[in-house]
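Below you'll find the structure, written out as structure tokens, and then a few comments.
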2 protein chains.
Amino acid sequence: MTTRSVAAQTHVAQRRDVEAKAIQVGLIGLGTVGAGTFHVLQRNQAEIRGRAGRGIEIAMVAARNAERAKAYQAIVGDGLPCVGDAQQLVDNPDIDIVVELIGGIEPARTLVLKAIANGKHVVTANKALLALHGGEIFALAREKGVTVAFEAAVAGGIPIIKALREGLTANRIEWIAGIINGTTNFILSEMRGKGLDFATVLKEAQRLGYAESDPTFDIEGVDAAHKLTLMSAIAFGVPVQFGKAHVEGISSLQATDIKYAEQLGYRIKLLGITRRRENGIELRVHPTLIPASRLIANVEGAMNAVVVQADAVGTTLYYGKGAGAEPTASAVVADLVDVTRLATADPDHRVPHLAFQPDAMSDTPVLEMAEVHTAFYLRLVVADQPGVLSRITTILAEHDISIDAVLQRPGAGGTPSGGRAEGEGPTDLIILTHDTVEGRMNDALAKMQGLPTVLAPIVKLRKEELA
Amino acid sequence: MTTRSVAAQTHVAQRRDVEAKAIQVGLIGLGTVGAGTFHVLQRNQAEIRGRAGRGIEIAMVAARNAERAKAYQAIVGDGLPCVGDAQQLVDNPDIDIVVELIGGIEPARTLVLKAIANGKHVVTANKALLALHGGEIFALAREKGVTVAFEAAVAGGIPIIKALREGLTANRIEWIAGIINGTTNFILSEMRGKGLDFATVLKEAQRLGYAESDPTFDIEGVDAAHKLTLMSAIAFGVPVQFGKAHVEGISSLQATDIKYAEQLGYRIKLLGITRRRENGIELRVHPTLIPASRLIANVEGAMNAVVVQADAVGTTLYYGKGAGAEPTASAVVADLVDVTRLATADPDHRVPHLAFQPDAMSDTPVLEMAEVHTAFYLRLVVADQPGVLSRITTILAEHDISIDAVLQRPGAGGTPSGGRAEGEGPTDLIILTHDTVEGRMNDALAKMQGLPTVLAPIVKLRKEELA
């Protein structure tokens, strides 16, 4: 084919698009998700157009990495402008929707705000940006009458934002509990399945590409807390307030506790939990024991799942891949279709960013962890002496905390023994409690920790029945 | 309070509603789901208004049962008109949305068509009506520029229609497999858990209200096929065509086969499966062996779950209550909110009824069962003689069907025996095959059935890896 005929074809194709009024998308970022979005839009363009009623076309790309951008130009032809400076893209008057896929706070925040100020809709997968600056971004979007869509920011390709914001509109949502970080779920699955410790499995996860070289955001629960903050806002009609989330990761979790939990019929998962209580909203990420019979307890590897408890529908669960190029692209493109459909609609009739109309938002407070209701798993290393269990259970009783189960095992350092002779080495004492208020548990723990027969820092994990 | 002050209050309330432009809903049917819808709208009206940006108000009710209607009048006051003749409701010019919850084909079909003809949006939970007459209904709705919403028709409160039609728009959907009938899943769970036979468990299910007194539609797979037909149309952009579905229930399923399946690592579920193949679409409901390790294999009792496999997002799963008053009402009200939001939008920009714009629908054929690809579980009752297994495996090999696993057990009538003496009573021979075309399997089965050593009709169940 001659250069000339290619140019002619491109021209015809361009004219046809104008006739069909294809919506013009500017793509910022050609990393994993950016490339995935590009591929999905190319490969499924006929189906996507058939659903959206209008073509969705990438009109411009902004990427720091010029080489990568060039590779994509080779696919779509030289017609696609690729710029190194994303500012040019958000200022381009031909762009209808800006897709932000660079992640992090800056320059993403500035670019998104500028795109909105320029009257463009925004689609983003940037949970950190929205969890920290969602208030500012949604307010400006409202003022400008544009939509900021963020399905890809939570649980990858699982349409959980849509389910919460549109599918469950009839309900008063009671709580959400989610496995919303694939890296940590992979690590926990491996620790349980192979009986390995955290550090060993983390290295394996990094080798396999399930964990980044600096895994802090994942393993310390920060990424999960970003996503939870967004779900909480949507579920309860409150502003995004990441700063008030309790964030606890899995880096100090020990294989011993995973084993004991299993013996008691539980699995340990890093859960993001948000729950409406009478006096406020719980917003917390931490390792959690859940009964092994629950469906979500059986979500293994890098998969994600979110359980939603709501008053009319009861329990629903949403499961799928929470990360990766194409699963995340699936959510980005679904948002592009939604925005394309609604671009012409009156802004007041679009789905509100945070599910509730701005004047229907509530200022229900986020509760301090000390006020949170939950059950506990405690592991105490105690001297194997008569009366130890009695002293500990008395302290719990004094704090009005009732016991669900007790398990006693020879300590990690000791030898198995049925005997009770004094000083025969430390014993592991595992206690499951019923629900209590965390502050009360902390008081009891301080007293227990002070006992001379308690030989090591007490391990405290939270336990949820999720029923 | 005097009659006069009530009237005055009603007047003020009415004026306020006009100011807020509450959308006016006419509710046909006050059975389980109708009552549930009523309760949910009442109880959560503040949240629903906060999400929809507009009140949603039941303005008129049509119910055959005057007593029941009166009970609801007692709740909302005498202001709510309740008619015995639904025709009056669909002709009422003040009604914006008609909610049809009477089920069955007539008079539902006539009422829905009349409501549409009168320019009203329709929300319905009626899977039978849409699976059989969806083409006619959606065409008229399109002509009149109104929406027919039917989230409640499939899998109760699980927002699966929304997930398929909006959440996964980026994807080429490959297959859907769903537990979409709670009655049969309850029966299968009980048969497996307690080792009971079908008839015993059915009686128990009827006693508990999980099965109707005439359970035919549920246990013979018809209800599941209605729902599957709708999902298939939405997934693949084809018209609804219930008549072409393969429908097979669980009434002839034997406890023996559930037991053998379990020994081989499988569970038996009544699945609705629709899959895109090169030469057409598979559309089939039948008992199916699935690996016990799959999440969907662990969906127990009356719960529903749908697995969707799509090219970008991979596997996603949606789980929840598939029936009941409030779970179904959850879907009805979600549809009401959607319609309320979009009522003012240009019809061309609303979500298409069958996910694809009418001009993007395809005429891909639905495949005959003989053309379907699947794996099989076979149970043969054979004479315990040398050479029996060899003859059977030879027939399978001649038909190019490869074997995955073989299990041999003393027959139900025989005594356990390790020996191989001729004529020592019948033996159960269980064979799992790899994927093949069903027509080829049927040919092989005919040959096997003709062998003098095959003593009873061969049990044939389909097996899917769902991966």
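A Cβ is built for glycine as well, from the same backbone N, Cα and C atoms used for every other residue.
TrEMBL annotations: computationally assigned, not manually curated.
Summarising the annotation, TrEMBL assigns NADP(+) binding site to B:I28, B:G29, B:L30, B:G31, B:T32, B:V33, B:G34, B:A35. In the three-state DSSP scheme, B:T32 (NADP(+) binding site) is classed as helix.
Annotation comment: TrEMBL describes B:K127 as NADPH binding site. Within the same chain, the residues at least 6 positions away from B:K127 (NADPH binding site) whose Cβ sits under 8 Å from its Cβ are B:F150, B:A153, B:V154, B:D223, B:H226, B:K227, B:L230, listed in sequence order.
Over all protein chains present, the Cβ of B:E212 (L-homoserine binding site) has 13 other Cβ atoms lying within 10 Å. Under the DSSP three-state reduction, B:E212 (L-homoserine binding site) is assigned to coil, being neither helix nor strand. For B:E212, the entry in TrEMBL reads L-homoserine binding site.
Neighbours of B:K227 (active site, proton donor), defined as other CB atoms within 10 A of its CB across all chains, total 26. Annotation source TrEMBL lists active site, proton donor at B:K227.
According to TrEMBL, the feature domain 'ACT' maps to B:377-462.
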Around the recorded NADP(+) site (B:I28, B:G29, B:L30, B:G31, B:T32, B:V33, B:G34, B:A35), other residues with Cβ within 8 Å of the Cβ centre, ordered by sequence, are B:L27, B:G36, B:T37, B:F38, B:A63, B:L101, B:I102
Cα of B:G29 (NADP(+) binding site) to Cα of B:E212 (L-homoserine binding site), in Å and rounded, measures 19
Excluding its own, the Cβ atoms lying within 10 Å of the Cβ of B:I28 (NADP(+) binding site) add up to 27
Whole-number Å distance separating the Cα atoms of B:A35 (NADP(+) binding site) and B:E212 (L-homoserine binding site) is 19
Here the 10 Å Cβ neighbour count for B:A35 (NADP(+) binding site) comes out at 20
Using a 10 Å radius on the Cβ of B:G29 (NADP(+) binding site), the other Cβ atoms enclosed count 25
Cα of B:L30 (NADP(+) binding site) to Cα of B:E212 (L-homoserine binding site), in Å and rounded, measures 18
Cα of B:V33 (NADP(+) binding site) to Cα of B:E212 (L-homoserine binding site), in Å and rounded, measures 15
Counting across all protein chains, other CB atoms within 10 angstroms of the CB of B:V33 (NADP(+) binding site) number 25
Smallest number of other CB atoms within 10 Å: among the binding-site residues B:G31, B:G34, that is B:G31
DSSP puts the residues of the domain 'ACT' (B:377-462) at 23 helix, 30 strand, 33 coil
